[in-house]
Structures are given as C-alpha cells and as structure tokens.
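Asks: According to Swiss-Prot, the protein has these features:
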type    : residues                                 : note
BINDING : G120, S121, N122, G123, K124, T125, T126 : ATP binding site
Amino acid sequence: MKKIKTYENKNILILGLGKSGFSVAKLLLKLGAKLTLNDKKDLSNDDRAAELGKLGVRVISGYHPVEIFDEEKFDYLVKNPGIPYENPMVEKAEKLDIPVITEPEIALNVSEAPYVCVTGSNGKTTTVMLTQRIMDHNLSKNGGHAYAVGNIGVPISEVVEKATSKDLLVVEMSSFQLLGVTDIKPKVAAIVDIYNNVHLDYHKTFDNYVEAKLRITQSQDQDDYFIANFDQKNILEKELDKTKAKVQTFSETDKTADYFIGDEYLESKDDHHIMKISDIKIPGIHNQQNCLVAIAISKLMGADDSDIQYALSTFTGATHRLQYVMTYNDRKIYNDSKSTNIEAATVAIPSFKEPEVLIAGGLDRGFMFDSLVPLFKKHVKSIVLYGETKYLLADAARKAGIKDIVIVNTLQEAVPRAYELSEAGDVILFSPACASWDQFNTFEERGDFFVKFIKELKTK
C-alpha cells in the first residue's frame, strides 16, 4: 500500500457504515486521518461501530447532525454509494464546497497493485469474475494474484493493504460509486453495456446515468485502454468523445470489432480463434459477450489463450446471475435474482433452448413490460407472477398468448406453483425483471430465499 499524505491529519466525515464504510474507515485511520462516522440507523449495538469507536472514531448514529458542519470544518465527506445526493448531510457538504467522494477514490489511489475497472447496466459482475479468474491463472505463475473487488461485495479498502505490485485488482464499479470519483486511472476500463430504465430513481435522467458511467474513463490517457460495446452505437459515440485512452471494441456479430462472437468460436478480428463457444459453461449470448470483455481486458494485461480457455471452461456462473441451482426430477432450475430490470430479463429469457416456466415480479417502478411479449411468446410456456408488478406482467403474458398464468402474493408461494406447472425436460427460471425492495432488502437476499424455497421442494 502506498503511504500517501493526502488524508494525513485531515478531518473526514464518513456517511453510512456498511461494508465499505467500515473498511474505508480502518484504511483512513492508517493513513493518519481524524474520523467522524454518521449513520441514520442506530449503531449503539453494532459491533463494527464499537470497534471503530475503540480505534478513535467518533460515531454519531440514529439521526443526521447537519449542525455539525457549523461546529467544525471537514476536509472530505466519504459517502456510502447508495446514499442519494439529496441527503441533507451531502447537500450541506456540497454547499460548503467540501469534496464528496466514495470509497474507491481513496482505496485505488493508495493501491500498489495495478487495477482495471468494469461497469455496465448488466453483466459487470460476471465480467469481473471471469477477468479475475483468467488473470489469477496468469499471475499465479509468478506468485501473483488477481482480486475481484468493489461493487461485487468486497470493499477495495479491504484488499489494498495486502495487494502488491505483482497482483491485480479487478474492480466492479456501480454508477453510484462512479459519481463519487474524480481521479481514478485504471490501466483498462470497460463498459459492458448501458440501458435505459436503470437506477433512474437515483440519477433522475438517462443522460445523468450515462455521464456517471463515463466517469470510469475520465482520467485515462493515451497509455491506457478503454473497452467499448460496438453494438450500442448511440453510447459508443459518447464514449469515444469522452475517452483519451486507446479504444478496443467487442460485438455480438460485427466482425469489424476487435472481438466478436463467431459461429463456433469467440474470435478476434485478426481471424484468431480464442475459445470454442461450446466449451463455455455459462448459458446465453449475453454471457458470451461478457466473456469477450473479460478476454479483451485480460489480453491487455498479459494473459494468453491457455489462461482464457482454462478460466472460461471451468466457470459455472456468478451467484444470482443465471446461477444453476440444481436439476430436480429432470427440471433444470436457475436463479437470476440479479434481474432487477427489464433489460436483464431480456437477456436471461432467451438463454435456453428448453421450454421455460418463468417466475417474475417485484417492485413497481412504473415501467410497462410490453417489450417482453415477443420473448414470452417464443420461450415461456407458463408463468408465475408475484409482487407489486404481478398484474402488469400478467398483461404482457396474456398478450403473448401464454395460457398458464398463475398469480400469487409471495415468492414462497410462487416456487411450488412453478414446479407444478413444469414437466420433465423444462427449465424453471427465476428472472424477476424487477427490483427486490417490495419484499426483500436486496436482490441477494431474494435469490437466497429462492434457492431455499427450491431446496424445500425436495423435502415435501
């Protein structure tokens, strides 16, 4: 870890505990900062808050003390990425011209290990896991390691102390995190895709969302590389305007891109066959595109075809992202709880050749589901719907001509009904197409409950 002086003796307010708040607090203490931690939740019985208190952090919880800004001067506010900028503490800090940053800004600037960054509306976690797997296989030959960190669930601050110049950080960046960075310079940055109707409750407009994503490349220069989706022409134009890095592209079908999906192989434009598609374990065209991004990043960082082929042929999928759960009575069951928007369901549903019994539903964000009608018509034989959006999704299912439409209240009710509708040889797919917050705290919690309910089928 680099011993930088940026935060030494600085008075820093951390807003929001969480995983990243806890980790960045410990990191900042080692960098010599004076810390105050504030969380609207009551932390009086929180073990992590107690640990920070013993280390000298002032902990204020249960409310937001906006008046604290009148009592003392802060040099930085480090914001939990999920906290909106309309939060009164953030608004006050911005009014006073106090820099509002997020954990990656601090952690990446003290990292001895080189790093690459990946963002996107869908597919970024799988891409990060694939890249980490390829690069770990490559770096281990010389005693190094690749670490998957960031939005994937492992705070960067947790890893930077042990990561050395022989290692690599593969960083998943959300749009929330990217809004709070001003000076990160990844050797390779990649945007897997950008879709509308994603996090607009946070970013307000699609243009704001795109601008947040583009911050991943804003500090890159001609010595760096930027990986862009050749098929999203409207976004590509904005990316090319923004970046100063050298650009490589990937495409589902366009052979003028640097990397593309061929008939039998994942290929590069110099006619090089990198990986046989049939050897890739994770299903779906979208996952083949994720593989292309991971290949592009890894090749730039020194991996060869043998590293790629080993990693991609042994990777069985990220949890909650078209995750294979089990085969039960000749039904293959998949958990795609990360499908928190229509676009994610759009790529999940066509991933299988077998007839599908689909479970969907969740938080109502005011979207219509008519774009799913053609996919329902082609791939879905029966559908079980729950949550706030169940009737909206039922309308789309009726338009698709699906005869078996079952409406229930909860996911727990949905699982056995889906099994009853299925036959040997079918796929039971949980791809909600909606956020989880009507009934669950996170998509991870929702996915864990789905897997639990599926396993309970075997005991009945």
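Cβ atoms here come from the backbone N, Cα and C positions, even for glycine.
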Asks: Go through S121, N122, T125, T126, our binding-site residues, and report the one whose Cβ sees the most other Cβ atoms within 10 Å.
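Replies: Going through S121, N122, T125, T126 one by one, the largest Cβ count within 10 Å is at T126.
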Asks: Sequence gap of 6 or more, C-beta under 8 Å: which same-chain residues meet both conditions with respect to G120 (ATP binding site)?
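Replies: Same-chain residues close to G120 (ATP binding site) (Cβ under 8 Å, separated by 6 or more) are T127, A190, I191, V192, D193, I194, K213.
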Asks: In three-state terms from DSSP, label T125 (ATP binding site) for me.
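Replies: T125 (ATP binding site) sits in a helix per DSSP.
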Asks: Name them in sequence order: residues not among G120, S121, N122, G123, K124, T125, T126 whose Cβ is within 8 Å of the mean position of the Cβ atoms defining the ATP site.
Replies: V118, T127, V192, D193, N290
Asks: According to DSSP, does G120 (ATP binding site) sit in a helix, a strand, or coil?
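Replies: Going by the DSSP assignment, G120 (ATP binding site) belongs to neither helix nor strand, so it counts as coil.
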